[in-house]
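Each remark here refers to the structure printed beneath this line.
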């Protein structure tokens with residue numbers, strides 16, 4: 001199904017918990033800064049995803065909080081795995097990934113994105129308020145070993161991390177990961193000074209790239225290949241390309257459909273109607289109707 005702007009819905013991002021075992025100073029918790037309603041069950045998530053198939057969803061991204069904190073995560077993946085879903089991926093901080101990678105693969109998970117903003121153990125502990133970077137690296141190694149690939153490393157470009165980019169690039173090249181450089185969205189005024197314009201970084205990488213590809217169904221995002229390393233950029237801020245080619249809707253952990261990454265004022269309740277026995281397809285239609293580009297030309 002297309003929205004009013006001709007954008008086909010293809011992807012569904014599921015935030016399955018607000019909880020996290022780290023406390024990164026920049027975290028916006030997928031746009032939900034407070035714990036609100038009841039956590040959805042694995043069965044409810046499965047039913048909502050199943051309804052989304054009618055509207056064109058073929059890719060699922062699972063996130064949080066930290067999704068590996070949900071002990072029923074393999075069950076959730078099993079519920080949503082079917083022949084119509086072409087790709088199920090998960091974004092994690094990687095702390096628990098070594099322990100659960102094989103179970104997730106067995107349940108039907110295809111691949112993972114692991115957040116990693118620095119390779120410096122001291123800086124990592126400072127950014128995450130106590131995280132152990134060695135646990136993350138072991139988790140990445142295990143994920144690659146069991147076949148949760150292509151693995152992507154999510155690098156958040158901030159004033160305090162950009163100096164780590166060359167080392168991160170070398171690390172990703174060495175382990176065979178794709179590097180995703182993400183623009184920092186400051187959700188609070190006191191964090192604005194951490195924002196870094198990633199356009200010059202992208203221009204520099206584009207200049208030195210061996211090959212450049214365009215991902216048509218991912219906001220026309222460019223993929224650069226430089227010395228064997230694949231690099232992508234995610235630039236949501238003031239980016240008309242990002243918005244005009246967006247194919248994703250989102251589900252909050254407490255059961256609200258979220259039409260836009262950058263808005264939290266037009267959520268559509270779907271969990272409570274489901275619990276009341278309603279046909280939830282009309283709520284998907286409402287969500288898709290609410291979609292409009294946040295950044296317009």
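Using N, Cα and C of the backbone, Cβ positions are placed for all residues, glycine too.
A quick note: this is a predicted structure, and the numbers were derived from the prediction, not measured.
The GTP binding site feature in Swiss-Prot is assigned to 13, 61, 91, 152, 248, 249, 250; the stated evidence is sequence analysis. Neighbour list (residue 152 (GTP binding site), Cβ cut-off 8 Å, at least 6 residues apart, same chain): 111, 112, 113, 114, 177, 178, 179, 180, 232.
Other Cβ atoms within 10 Å of the Cβ of residue 20 ([4Fe-4S] cluster 1 binding site), summed over all protein chains shown, number 18. Summarising the annotation, Swiss-Prot assigns [4Fe-4S] cluster 1 binding site to 20, 24, 27 and lists sequence analysis as the type of evidence.
In the three-state DSSP scheme, residue 26 (S-adenosyl-L-methionine binding site) is classed as coil. With a 10 A radius on its CB, residue 26 (S-adenosyl-L-methionine binding site) counts 17 other CB atoms from all the protein chains. The S-adenosyl-L-methionine binding site annotation in Swiss-Prot covers 26, 65, 115.
Applying an 8 A CB threshold to same-chain residues 6+ apart, the list for residue 260 ([4Fe-4S] cluster 2 binding site) reads 246, 266, 291, 292, 294. Taken from Swiss-Prot, the feature [4Fe-4S] cluster 2 binding site covers 243, 246, 260, and the record attributes it to sequence analysis.
The domain 'Radical SAM core' annotation in Swiss-Prot covers 4-227.
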Q) So which of the binding-site residues is most packed in, judged by how many other Cβ atoms lie within 10 Å of its Cβ, out of 24, 243? A) 243
Q: Name the secondary structure element type, per DSSP in three states, that contains residue 246 ([4Fe-4S] cluster 2 binding site).
A: coil
Q. Could you tell me the C-alpha distance between residue 65 (S-adenosyl-L-methionine binding site) and residue 20 ([4Fe-4S] cluster 1 binding site) in angstrom, no decimals?
A. 5
Q. Of all the Cα pairs drawn from 26, 65, 115, the residues the record ties to S-adenosyl-L-methionine, which distance is largest, in Å?
A. 13
**Q.** Neighbourhood of residue 248 (GTP binding site), C-beta criterion under 8 angstroms, separation at least six
**A.** 9, 10, 11, 12, 13, 61, 261
